[in-house]
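A.B. asks: Pasting in a structure now, in structure tokens, and then I'll have a few things to ask.
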Amino acid sequence: MAFPSALCIFSLLALVQAQSESQQPKIQLRLAGNKRKHYEGRLEVFYNNEWGTICDDDFSILAAQVACRELGFLGAVSWSPSAKFGQGEGRIWLDNVHCTGREKSLAECPSNGFGVSDCRHSEDVGVICNQKRIPGHRFINTMNNNVETLEERVEEIRIRPISSHLKRIPVTEGYVEIKERGKWRQICDEEWTPLNNRVVCGMYGFPGEKNYNNKVYKSLSMRKKKNYWGFSVNCTGNEAHLSSCRLGKPLELKRNGTCGRGLPVVVSCVPGRAFAPSSSTGFRKAYRPEQPLVRLRGGSNIGEGRVEVLKNGVWGTVCDDNWNLRAATIVCRELGFGSAKEALTGAKLGQGMGPVHMNEVECSGFEKSLTDCYFNNDALGCSHEEDAAVRCNIPAMGFQKRIRLSGGRNPYEGRVEVLTEKNGSLVWGTVCSENWGMVEAMVVCRQLGLGFASYAFQETWYWAGDASADNVVMSGVRCSGTEMSLPQCLHHGKHISCPKGGGRFAAGVSCSDSAPDLVLNAQLVEHTTYLEDRPMYALQCALEENCLSSTAKKNDHSSYRRLLRFSSQIHNVGRSDFRPKLGYHAWTWHECHRHYHSMEVFTHYDLLSLNGTKVAEGHKASFCLEDTQCDEGIQKRYVCANFGEQGITVGCWDTYRHDIDCQWIDITDVKPGDYIFQVVINPNYDVAESDYSNNIMKCKCRYDGYRIWMYHCHTGGSRSSDMNEYPGMSNQLHFR
């Protein structure tokens, strides 16, 4: 008799639980406000036919976990009080929310009750969710007759090309399909609008959309059975993802699977110029930006970086006040990418130099350029610590599937192996390490989506790669640094030439998600330049270290050399410390200066004629690297004395005063005239940097035989006229 009794108790508990669940208020959640990512924002509740906010009193990460899961995300990363995402409007529905973290809905958590609050909208709470979605999460419509205000959360969205377009990369045209409960379903186009096309193309990395041949798709839809999704979608055109669009009315599907007079939704997107295949593959049009007024700097991958704008011929940054996804998307589309994935603040992708041109940017979302948006010219109070940045959606090109790292201790390092076609089949093989350097390693890390290169290896015997991939399949690789994949670099093609062979001598890389960025203070150079006539007897150390022109070796001790002296101040504005390539054991002791030099060639000092010919022998300065001074709040880490660690910390600078040995160019043999003074930092790319284009500094100078004038000093890439004048590597695409 005990068993039936237990069964009755279980049934009673289930009945009580069902009754309690049915008595819970029905709510719906959304993320709103000044959000920079689609998985963050002000938390709003739809209750009693009205949207409202939640007060931050007693709110916790446990409540954020419940809310994010209810929205279809895996969980919460953090939560924000005090209306971080802007103040909401209307009712404050919940206050003093207490959750255990196990609830299925925020409505299950104890609170003061709906509408019972003593808060103001300055206390609206926000959440940042895990960007990964719950697999198979299905939206449950709890709000009768209010579906137009709700948001649909779906598993996955794709553009499925028709058979004749299957081999085209990237996929720019096809049926829009949604994965629901493990099945791919098409969308009825009865309620579909061009703004929906804009959102779909943007999330797949395309800046625009175009018309397509409707007859082809209409003919195909007549022959194939359709499986429609049960809702329409209503986008504003500014959403970062289709799942962020409002849900439209449920569709009344016919018994034969049709949607009235409608057909399956098809989109045709316009790729950016860098991603458009040649006309021979069927594409004749590609989005071609006009002369850019906006660029990205400091990003590790294509389509990301610090936002810089051109004003009066000078490049400057954007302050992150009010910076959001809408403004970031304008930047991305302007540059030929899709919509923005992230709007980054706080100089997350490194600090810029020069002026801050824009502040408090506000965009409608449909401007052609960021410069068309409303903004405040007054950037007082903004520093480069507040530089805005973006990460854009880019098309899937399949590059990552054709390269891999093998044998490393972690996924960020290893022997480089590429997939190539040989005798009609695809085989994996190695890359010849002859002349393999940091620039080539940068391209590999970018192709893999692993950030920047930290090291380039010409021997990889210590990494046990795939033995079947030992054969060299690519040699003579020379990259400019702007390529998206290794095959885009110059290489030997089918005629492999690699004297060392593969195996232990195959090329390898180590990647990192951050890198330093060195920039020379041009104004300091301009303000500290002067001439000094110095006797040879006081220049013996400099002569030993090759800091003088070759003619100095013929001079006696009583003769003089004319020196162009200046100070240099080299800032690290990147996101990781600048460390020398070589370890302690390889450093060189300089007896004259009584310290170790960790880099034999750290800068080039040159005096050039106006046509670029060297008139004073280039001085290859070797340096001891240390933190001379740092920004407020940053501690010095590197010091040359006592065989100390060498480098330049992020936010610090290394200063070489004009009055120390070798801080000059020997111009004894130079005739009077107009010249160009040039300094190049890290000229051989020995150490990885996020942007090499700003490693060059040039000044105009006039020498009358007695005095010298230095003027118009500026770093590479800081002016519009520098586009072709300053070679260097950045993450900006160059088109051939």
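Including glycine, each Cβ sits where the backbone N, Cα and C put it.
Quick paste from TrEMBL:
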SIGNAL    1-18  signal peptide
DOMAIN    29-130  domain 'SRCR'
DISULFID  C55-C119  disulfide bond
DISULFID  C68-C129  disulfide bond
DISULFID  C99-C109  disulfide bond
DOMAIN    159-270  domain 'SRCR'
DISULFID  C235-C245  disulfide bond
DOMAIN    294-393  domain 'SRCR'
DISULFID  C363-C373  disulfide bond
DOMAIN    403-512  domain 'SRCR'
DISULFID  C479-C489  disulfide bond
A.B. asks: What Cα-Cα separation, expressed in whole Å, is found between C109 (disulfide bond) and C479 (disulfide bond)?
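C.D. replies: If we compare the Cα positions of C109 (disulfide bond) and C479 (disulfide bond), the gap is 58 Å.
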A.B. asks: Given the disulfide-bonded residues C55, C99, C235, C479, find the one whose Cα is closest in space to the Cα of C68 (disulfide bond).
C.D. replies: C99
A.B. asks: Rank the disulfide-bonded residues C55, C68, C245, C373, C479 by the number of other Cβ atoms within 10 Å of each Cβ, and give the residue at the low end.
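C.D. replies: Lowest Cβ count within 10 Å among the disulfide-bonded residues (C55, C68, C245, C373, C479) is C373.
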A.B. asks: How many whole Å apart are the CA atoms of C55 (disulfide bond) and C245 (disulfide bond)?
C.D. replies: 25
A.B. asks: Cα distance, C363 (disulfide bond) to C119 (disulfide bond), nearest Å?
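C.D. replies: Just about 31 Å between their Cα atoms.
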A.B. asks: Near the Cβ of C363 (disulfide bond), how many other Cβ atoms are there if near means within 10 Å?
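C.D. replies: There are 22 of them.
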A.B. asks: On the 0 to 100 scale, where does the mean pLDDT of the domain 'SRCR' (29-130) fall?
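C.D. replies: Averaged over the domain 'SRCR' (29-130), the predicted model reaches a pLDDT of 89.
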A.B. asks: Same chain only, sequence gap of 6 or more: which residues have a CB within under 8 Å of the CB of C489 (disulfide bond)?
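C.D. replies: Looking at Cβ-Cβ distances below 8 Å from C489 (disulfide bond), excluding near sequence neighbours, one finds E440, V443, V477, R478, C479, S480, E483.
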A.B. asks: Near C235 (disulfide bond), which residues of its chain come within a Cβ-Cβ distance under 8 Å, counting only those 6 or more away in sequence?
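C.D. replies: Counting only residues 6 or more apart in sequence, the Cβ neighbours of C235 (disulfide bond) under 8 Å are T193, L195, N196, R198, V199, L242, C245, R246.
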